[in-house]
Each structure stands twice: as structure tokens, then as C-alpha cells.
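What follows is a single structure, written as C-alpha cells, with notes after it.
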């Protein structure tokens, strides 16, 4: 079987294969900022291998709450169809248009959720989302806000029943009425 690998040690706004959408930008430190750093806005926002058995990634990020400890809405690492466009903001993390399970939107996301929406547990958590924002698996997580860099390593099996032949790999983050700033490193 053939392996595909890529690594970003820092980011450049003119970098090949880096698609910045909505509020995302690369700052002067080479950090990818996924949400605006400022006043909150209401409701703001591979390759196929037929024997693919799992997907592995590692990344680091910072979540900060400049004006409050009540932060919304979170960060998601996702695999989705290549033509994926930003969806609803706020609790939908820019990935989904509603709460319905939609097999036509073949996607997998790992969310670092900082706000309890009506479909979420009443705690910050890490969730595994397949074709819907309603997590299939949830682990409570005490989110650390501020300048502390958090590290994530993800290993999970990928089903060809969930993902299309080609996918876009990316990050999405949104804020709602409560401000939050998300950076990946």
C-alpha cells in the first residue's frame, strides 16, 4: 500500500495547497489564526488508497479567551469532500449546515468543543463527528485557555463508507456570541 505524508512546520500565506477561507489568516509569526482576534461577531465562523486502514496526524494549537472564560465555539480537524465550502458558524464549527446526519456530506471531524450547544454534553469536550455535528464519541476535556500550547495526536480508522475517494484535510474554527481565539502552530 502507498502512503501519503505532508508536514507544515510553519505557515506562509502564499503556501501551496493552503486554502484560507472566511476569517482565517497567517500572522507575522507564521501561525495560522482560524478565528478573528477582536470583538466577537454574533454567529461567526489526499488521496484515496483502497486499502486505507487508518489516519494519523499531530498538531498543536492555542485557544484563548481575551475577555472572558465563557468561550465559544471551538476547533475541528476534519476530512471532507474536496469542494467543501464553509457552512454555518457558531456551534456548527463552520463544517455543517444543520444537526441532521447527512450521508451525502461524507466527513469525519475531531472537535475540541468549548461551548455546550443543545446537542452537546454540558462540558467542554473532544468529540468524533461523522457526517453530523452530533458527536458519535465524546470525551470530557478540561480546556486550557491562554498562551499554553496544546498538542493533539489523532489516530483513527477511516471507513470508505464514510469518506469519498478524495478528501480535503483541514482545520475549522468558529466563534459565536462568546469570543474565542484559535491558532494552530
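Every residue, even glycine, has its Cβ placed from backbone N, Cα and C.
Here's what Swiss-Prot has on this protein:
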- 111, 113, 120, 125: Mn(2+) binding site (BINDING)
- 113, 115, 117, 120: Ca(2+) binding site (BINDING)
- 48: N-linked glycosylation site (CARBOHYD)
- 122: N-linked glycosylation site (CARBOHYD)
Same-chain residues at least 6 apart in sequence whose Cβ lies under 8 Å from residue 113 (Mn(2+) binding site): 73, 74, 93, 120, 124, 125, 126, 127, 135
Mn(2+) site, defined by 111, 113, 120, 125: further same-chain residues with Cβ within 8 Å of the Cβ centre: 74, 112, 114, 115, 116, 121, 124, 126, 127, 135, 138
CB contacts for residue 125 (Mn(2+) binding site) [other CB atoms within 10 A, all chains]: 21
Residue 111 (Mn(2+) binding site) to residue 117 (Ca(2+) binding site) - Cα separation in whole Å: 13
Other C-beta atoms that fall within 10 angstroms of the C-beta of residue 120 (Mn(2+) binding site): 20
Residue 122 (N-linked glycosylation site) versus residue 115 (Ca(2+) binding site) - Cα distance in angstrom: 8
Listed in sequence order, residues with CB under 8 A of residue 122 (N-linked glycosylation site) and six or more positions away: 116
Number of Cβ atoms other than its own within 10 Å, given for residue 117 (Ca(2+) binding site): 16
Cβ atoms near residue 115 (Ca(2+) binding site) (within 10 Å, other residues, all chains): 19
